[in-house]
Ligand code: ADE
């Protein structure tokens, strides 16, 4: 997958070039093309924004440099604008992009909004949540990370197993490693029992418990297996007995 990013701050993108994603970049599992759309301005001061028609505070990013930067790309693929008014990004979207798209192009704004005609050049407007950041760079990096880690050969086996569990629609179960006891805090017995059936059941139950307590919305439209229904009943009883 080739990912183009149109940004005024290409230097911000180092986090995608280290660790797992950096190695995958070196191994050509994906490709990152950072384009500074200020390079496509034609005036002496290299302006990328101007005051809004109709008046009002703030500045608006102009269409011309962004359109020229888009036209300079070999292949655009799906064009995505990151903005708080977009639909909210999620794991499903990352999976769809990873599975179905050859190329992606992100357009990052900074401080100010885009001329409406820029939105009209995009295939999707996507937000990372109901809060406002100073620019589209961090949202773009989050979306790229979530998408690229799903591409074949980017993660090792151990990490893809972690992925599995979120795509089953539940939050993670708790994990522990040595020591078995630290300052009185103990690892649950069952995990050291060697009984794989019991361990799997405990993990499913704790994933259900975490989801029920922190993200009950994820359980709303879920079809439960008989085992999940039984465990959920147990969890609810345990919670009632605690109160
Ligand atoms: N740009 C500024 N805030 C944003 C957000 N929450 N999501 C996507 N892009 C943004």
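Just so you know, glycine gets a Cβ as well, placed from its N, Cα and C.
These features come from TrEMBL:
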type: DOMAIN; residues: 1-220; note: domain 'tRNA methyltransferase TRMD/TRM10-type'
type: BINDING; residues: 109, 128, 129, 130, 131, 132, 133; note: S-adenosyl-L-methionine binding site
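Here the features listed in TrEMBL are painted onto the structure.
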{"residue": "109", "record": "S-adenosyl-L-methionine binding site", "DSSP class": "coil"}
{"residue": "128", "record": "S-adenosyl-L-methionine binding site", "DSSP class": "coil"}
{"residue": "133", "record": "S-adenosyl-L-methionine binding site", "DSSP class": "coil"}
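The binding-site residues in question are 128, 132, 133, and the one with the fewest Cβ neighbours inside 10 Å is 132. Listed binding-site residues: 109, 129; maximum Cβ neighbour count within 10 Å falls on 109. Summarising the environment of residue 130 (S-adenosyl-L-methionine binding site), the number of other Cβ atoms within 10 Å of its Cβ, over all protein chains shown, is 7. If you take the C-beta of residue 131 (S-adenosyl-L-methionine binding site) and look for same-chain residues 6 or more apart in sequence within under 8 angstroms, you find 84. Taken as a whole, the domain 'tRNA methyltransferase TRMD/TRM10-type' (1-220) shows an average pLDDT of 95 in this prediction. The S-adenosyl-L-methionine-binding residues named in the record, 109, 128, 129, 130, 131, 132, 133, extend over a maximum Cα to Cα distance of 17 Å.
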